[in-house]
């Protein structure tokens, strides 16, 4: 194994881990707020995919990555509005609607891609990197960890902001109340449906941003079905994180590293069969579920529609 | 006795009927992605159209069918009157023979050379290994970091063969050049983000020329090549396969191992008419230009001339490039950690 720990292996590992982790981190942070408020947002994969499509479309048309990210957020929110209306306002089954939304968005974005991009496959120019002085020049990890696009650092800042919001603000308390004891929140004068709608839309925005990152930074183009289950991994991360944004970050880095490890091991010339290497991310998911899954604490009212006076 | 002879004669005529030449009025091609990907799908569709035109038959094109169960569209196309269905994806090689058996319509599949059934199932596991060998020679001549990369979105036999051909070409030109090898996923043919991620990692590990095989995921590889500098600060170059992406190039395409499947599909139609379908495989080669390298402005003129001279040697049989279809053969040729 010592022969594997080369500069090539480590560079490949760190570079790939960050690229793979950020979309899952953004989706996981979004899902976490939704779950805190009691909404199990299975439609996050569709929100992410719509964010990828809208993010790429806007970035391509305006030649601005930042407007593209805004477009991605908007795309995710648009799908989230449907989820909020059907599941929060009308109280329909969150799992069924979530799956339906994902399938619908998959078909819609594939169709739009077919008519708009399938003959030209436009690509975005290389994203600008923000090099952190002094750190980017570090050997091996420097360019991988400290020479990324600004959105990567903003995603990391979002972890701290959300941790503060959940622990130190009234909004954080209200979100938790909506997920744990919605009736008590209602009695105390809180707006259960309002806070759940807000959380659902926030989830859509974050998932859309994750999708836009995947399309604009991760791939530089949009391809149908390109999220490849990243949104669903976001749900797993949120559930395992027990309400803590920092754990979502750690989880996404573990999954990102496992995914990147598949490349790094191959690049390092490992003699392990490719089929075994490709199993690593899935093995990591199962290992984490076995180790921490039973300790995952979910809100009491998660997945249950709230209706005033209902018993 | 006479009665038995007459019955035997009549039976022999009936039983011998399938051996008579078949009429071929309509062929169909089924592709997993749109025939506009400048690669596997587009080359397949374009070649099928050209073969249909050359042989005077109608063609049905069913594009974007995905990589899942293709049985339903195959049944529909059979019902529409197709005499030959070209199932243009390795993921279709389970359903293809089943539908051929069920409907009686001849089906051509890929990556299953052992699945031949006379009159029903033919295989066209093609390989541009000779072209890939030349691309490897070219890459070894032009690398500045001394490291090249192979990125693939799966390990079907055709691509293994080209990966092995490329690696052999690199080694033949310069045994000191390191060859990094990475598979995006078990069947990540349309995983553009994965293609970008893996290619970025391979570039970070030192490669300055990427030999990429990936359908839709190729575009992610190309974006990574355009977005990253090599470890020595030079531009990274990309070698594509099957299709020609020159018109999309932004100055990073070194060459492409171009396939022309028209002779293969034309031969299939002729074989079906002559009742030889399903009795042998098909191949493409440098000799008839069904495999060739694309020249781009990024190619060094002297290196190109040398590579073209090597091409002549392969055609003349002076250099032998054997196809190697197993993934193990590819891994045996790439750089391994001590």
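Counting begins at 1 with the first residue displayed.
Quick reminder: no glycine exception, Cβ is built from N, Cα and C everywhere.
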Original post:
Between A:276-293, A:294-311, which stretch does TrEMBL give the note transmembrane segment?
Top reply: A:276-293
Subject >> Closest-packing stretch to the transmembrane segment (A:187-207), where packing means Cβ pairs under 8 Å, from A:39-60, A:66-88, A:95-115, A:213-239, A:246-264 >> reply: A:66-88
Original post:
So are the transmembrane segment (A:66-88) and the transmembrane segment (A:213-239) touching or not, going by 3+ C-beta pairs under 8 A with a sequence gap of 6 or more?
Top reply: yes
**OP:** Grab the same-chain neighbours of the transmembrane segment (A:39-60) for me: Cβ-Cβ under 8 Å, and only residues 6 or more beyond its ends, written as numbers and ranges.
**Re:** 23, 27, 30-31, 67-76, 78-80, 83, 87-88, 94-95, 97-106, 108-109, 112-113, 116, 122, 124, 196, 199-200, 203-204, 207-216, 221-222, 225-227, 229-232, 234-235, 302-303
Original post:
Restricting to the same chain and to residues at least six past its boundaries, which positions have a Cβ under 8 Å from a Cβ of the transmembrane segment (A:213-239)?
Top reply: 19, 22-32, 34-35, 41-42, 44-49, 52-53, 55-57, 59, 65, 68-69, 72, 102, 106, 109-110, 113-114, 117, 121-124, 126-127, 149, 151, 155, 207, 247-248, 251-252, 255, 285, 289, 296, 298
